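Here's the structure we're looking at; comments come further down.
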């Protein structure tokens, strides 16, 4: 590991106690192999870090769906890393820390808004898919979509019960967001925005039946989209996220913080929009305080004028170029019937990395 990254990582780990105070550290279950077999080891609920009492009760009462919860968080993290692969902050995780994103999510930034939304959406998605696959006895197919068929098709297969997946995500992910402060309000809003995206993208999926693929009759069921579509949608919401301001109100239970759109001339955010109220760091240089790893040695696109281009990604520091040889399949030929044969070629590429 590069010395500057090693020093940063040590800073993040040693400063972890400060980070954990308001952090959903139960996300770390996505990185633990032990949680894939929760159904056969009920005592592991107590070993999941960061669970509040309500989450612990949920885990023990619905132990068989906890592997899906873990899989959903993992799915959300992977999608975050895909969506931000060309950004200065690329959704880096720290395997040896309970705060798996480091201090980055300590602030109420756009990045924090996106991660909460995609993680909550991931939990809803994975639980819904698991139920449709029959891996749990407490859920199954959606029984609501069995009404009159449409023209040329009939109901069949297993419609995915996204309402149940959303309910699980809401009960589990929102359990810790019960404080009367602005950060809890922000997290709950963005969690719900992620889950709403799942419901909004449900669609009919059909299979044709008939002689020679004539599709005389179609069997259809209610299905979730590919999770990539959810990530793409939420990434657009990240780019257009609404900046908020914090307001304090005196209520019977004490002071309560709420959020209000900062700019009254703009359309106020809906339940489908992401919200934030603190500015992001520029992520150009390593900084243990903000959790930034910097962009040194990151691969950049020399032909792009976007954020993944060498000018912006490297923050004006310039870039290095090296050549790299790669083995690739080439001159492929299709043989009847039915296989493809290829030769192996060596191709040379220019690789550009930030200084």
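Backbone N, Cα and C define each Cβ position, glycine as well.
Taken from Swiss-Prot, the feature disulfide bond applies to 80-91 (among others). Look at residue 91 (disulfide bond): DSSP puts it in coil.
Note: residue 139 (disulfide bond) has non-local neighbours 65, 127, 130, 131, 161, 164, i.e. same-chain residues 6+ apart with C-beta under 8 A of its own C-beta. The annotation disulfide bond is assigned in Swiss-Prot to 131-139 (among others) on the grounds of similarity to another entry.
Following the DSSP three-state reduction, the secondary structure of residue 158 (disulfide bond) is coil. Taken from Swiss-Prot, the feature disulfide bond covers 141-158 (among others), and the record attributes it to similarity to another entry.
Under the heading disulfide bond, Swiss-Prot lists 206-220 (among others). Secondary structure from DSSP puts residue 206 (disulfide bond) in a beta strand.
In the three-state DSSP classification, residue 215 (disulfide bond) falls within coil. According to Swiss-Prot, the feature disulfide bond maps to 208-215 (among others), an assignment based on similarity to another entry.
Residues annotated as disulfide bond in Swiss-Prot, with similarity to another entry given as evidence: 284-315 (among others). Counted within 10 Å of its Cβ, the other Cβ atoms near residue 315 (disulfide bond) come to 17, all protein chains included.
A C-beta separation below 8 Å, combined with a sequence spacing of at least six in one chain, links residue 300 (disulfide bond) to 308, 309, 310, 313, 314, 319, 352, 353, 354. Residues or ranges marked as disulfide bond by Swiss-Prot on the basis of similarity to another entry: 300-310 (among others).
DSSP classifies residue 314 (disulfide bond) as coil under the three-state reduction. What Swiss-Prot lists as disulfide bond is 314-354 (among others).
The disulfide bond annotation in Swiss-Prot covers 330-345 (among others). Listed in sequence order, 327, 328, 329, 330, 331 are the same-chain residues six or more apart from residue 345 (disulfide bond) with CB atoms under 8 A from its CB.
The Cβ of residue 342 (disulfide bond) lies under 8 Å from the Cβ of 329, 330, 331, 332, 333, each of which sits 6+ residues away along the same chain. DSSP assigns residue 342 (disulfide bond) to a strand in the three-state reduction. Annotation comment: Swiss-Prot describes 332-342 (among others) as disulfide bond, evidence class similarity to another entry.
The number of other CB atoms found within 10 A of the CB of residue 338 (disulfide bond), across every protein chain shown, is 6. Here Swiss-Prot flags 337-338 (among others) as disulfide bond, drawing on similarity to another entry.
Around residue 90 (N-linked glycosylation site), the C-beta neighbours below 8 angstroms that are at least 6 residues distant in the chain are 81, 84, 298. The N-linked glycosylation site annotation in Swiss-Prot covers 90 (among others).
Annotated N-linked glycosylation site per Swiss-Prot: 301 (among others), in sequence order, evidence recorded as sequence analysis. All protein chains included, residue 301 (N-linked glycosylation site) registers 15 other Cβ atoms within 10 Å of its own Cβ.
Per Swiss-Prot, the feature O-palmitoleoyl serine maps to 212; the stated evidence is similarity to another entry.
As annotated by Swiss-Prot, signal peptide applies to 1-21.
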Exercise for the section: Work out how many Å separate residue 215 (disulfide bond) and residue 158 (disulfide bond) at their Cα atoms, rounded off. Expected result: 20
Practice task
Compute the C-alpha separation of residue 141 (disulfide bond) from residue 206 (disulfide bond), stating it in Å without decimals.
Solution key: 16
Problem - Fewest other C-beta atoms within 10 angstroms, as judged across 91, 206, 284, 310, 330, which are the disulfide-bonded residues - result: 330
Exercise for the section: State the three-class DSSP label for residue 337 (disulfide bond), counting H, G and I as helix, E and B as strand, and everything else as coil. Expected result: coil
Completion exercise
Cβ-Cβ distance under 8 Å, sequence separation of 6 or more, same chain as residue 158 (disulfide bond); the residues meeting this, in order, are 132, 140, 141, 142, 221
